[in-house]
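What Swiss-Prot records for 760-777, 788-800 is compositional bias 'Polar residues'. The N-linked glycosylation site annotation in Swiss-Prot covers 67, 177, 355, 464, 561, 586, 611, 763, 797, and the record cites sequence analysis as its basis. What Swiss-Prot records for 757-839, 911-938 is region 'Disordered'. Residues annotated as signal peptide in Swiss-Prot: 1-21. Annotated transmembrane segment per Swiss-Prot: 433-453, 505-525, 708-728, in sequence order.
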């Protein structure tokens, strides 16, 4: 019994001693330090650091330890140097196994459990990122960004990520101020897209680093708490990062040493209410290299339910037909603004589709033009959307965001045109001018082959224009059957086969041409023909136009850098106006030089059809907008830069274009806003009214056939012009002959005056004419310049009666006339003249006729003829000669010549007072008075001897002189 007690005590003591020794052996203090030194570290990593409101395990920095050692005090350093060095105890080798000894690897695992745990978390995150990259980021080059904190504390994770990165990538380092060391990597070159993988300590600085991202995928791995992540996802800073995925580590309280912590994947929902708030959304979690929820889209589509009634601010300006502003007043005088137009209807449809509301506000700076004013305020962020029929240009795309083009518009020319060609031009309508030229040439050139085939020569045509004219009428009459030629030289009577073949060919050609013309003339007469319109810049440059456009809205600068030569030539003198109404007024009121206005084609057509169509009703001229586009533009909506609602609205516009809704809305606007020609709105028609009625038959009116009458009138006018030219040419030739004859007569008169003056100075008496039996002893009285009737005595032998007619100059009342015969010197005549002398004929003429003769042929005739003892006009003389053909077998000229020769014939064969023998044959004796005196005027006396014998009983030796007697008033009495 005692032995058992002693044995039990011994065992108990041994057990206590062995347990204490084993415990001291199993957990030695120096052993842990040796293991740490084995990894190259001097102390245990047992401290924690606070970073971005998250606790995490820190690392030991040898540089900081060295710095602390270098800056220690001398006393401390002396104490550290005096301290005893660490003594390494060798492992005790005991071949006896006590309990359950562990291997070295198990001991290392127990001592370095936190390192192994961090390694597992790192590998799990790297695996998750590789999976996301291969599934979502493979189409775009990813940009990996990390800040300084991650680079210093998690270099093992970055090394593992970059070593197994599946695709090409770009890396960037974020500086201490959350700015990139190389900002150029955020600006992609070319069409390649970008995606981002960001390692960041503070999640709230994400937008500052990368800015707004509308289309790029962003994967964010922050080192912040879950509460900070949710705050970021609900804040305004994450609203303009649409495709956002946040990976956050889940921190649990009961952390087991070998357990892996899961990663939670977050995103956000945009515009969950009318205020535009965001809400964080948990997608799934990642643990054990797999997702907790399979088949989850990590980048879901945002704004699928619209904007939840969010109210947008819309900037709008009047720009028809896209935005039309209408003012109306209510019963109390308040002004109400109502907006219409294509873009307004489009906005209403999109508001219902995307579930949002809007407020329309007009821009402030209207002097910039509707488009530029709206763009300026949207660029400054004063509105969420801009509507004003804004053209898509490079400068506007750089300053703002523009939607896809919902419509197209272009710059067009507005000109004044004729509504229809005049009906009188319808006779020329069936053929164009080249056809008319060809037909005329064919008929003209037909003369030569026909003439050559008939005569076998062309000599009879060369230089003979009258023959060529006759040939033309032969051709025209033969082919048109309007004239018939049966002469000896007519081609219709030819017997040559070649000529007949040519005539037949031309005849068939004429039949075909005539059939073509008559078949088309009815259509051109009954239906109006539209004239040529200005539809292109080539036509505009060929005409004389002044070109103008607006001085605002971009029109003043859009065409300055054109590379088109015709455009630069046309717009080098571009005029500017302040409004479209002023430009239209310049077009309609242009004088001498036409005016063309460049503007929006949609706006010009809208203004013409809605406001100006009734003004040009039943008028020959109207406004015309060119069909060709001078410059094509797309019409879009304007958004501020990096707008979240841009893509949903773009998708809605594309859906509406595919469905044809935009075309329907455009037709509705045209139907409800544009007016008809009578100024009323367009009205809908149903049933039978929509069917087009056939045109009713009608007879041709005078307006339809006025071209034919005008053609006939044109022929008469041309013929009258030719007749006048022939008459003028004949008168011109006659005047030339008269002037030539007058010059010769004056020359002869001057010679006779000189001879008469010489004879008068020698003899001092008048030349005496030969006597006749008719006027012998027959005195004739004549009133002298003093009013006394003087009888002209007979000659020395009493055979002739001398009369003097003063034709030029005027004698003074008191001047004696040496040629006047005293009254008692006259002798009585036994018989009277058979024909009246010229003086008697003149005395029988009325005073009115004498006044006409003196004043000249202003109202009556240019030629006075003395015929059968009477003064008459040339036309009366021609009629008298025509009536008395039995008596006068000769022409009027021969009759006049005979009458004048009988009237102006000297009776004397040879005068004794003549200076020369041939002076007796002259028509009259011309004597100059006062050879010794200075003469101021020249007076010519003509002695007329009226012969009493019968006509035709003249002596063979009688000299017949023919002269034209001209008075001082310059009238030609006889010729």
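The backbone N, Cα and C atoms fix where each Cβ goes, and this holds for glycine too.
Cα to Cα, residue 561 (N-linked glycosylation site) and residue 586 (N-linked glycosylation site) are separated by 26 Å. The glycosylation sites recorded for this entry are 177, 355, 586, and the Cα of 586 lies nearest to that of residue 611 (N-linked glycosylation site). Compared over the glycosylation sites 561, 611, the count of CB atoms lying within 10 A of a residue's CB peaks at 611.
Distance from the CA of residue 355 (N-linked glycosylation site) to the CA of residue 177 (N-linked glycosylation site) is 40 Å. If you measure from the Cα atom of residue 355 (N-linked glycosylation site) to that of residue 586 (N-linked glycosylation site), you get 47 Å. Scoring each of the glycosylation sites (177, 355) by how many neighbouring Cβ atoms lie within 10 Å, the top position goes to 355.
According to DSSP, residue 611 (N-linked glycosylation site) is assigned to a helical segment. Long-range Cβ proximity for residue 586 (N-linked glycosylation site), meaning a same-chain Cβ under 8 A and a gap of 6 or more residues, is found for 548, 577, 595, 597. In the three-state DSSP scheme, residue 586 (N-linked glycosylation site) falls into the helix class. According to DSSP, residue 561 (N-linked glycosylation site) is assigned to coil rather than to any helix or strand.
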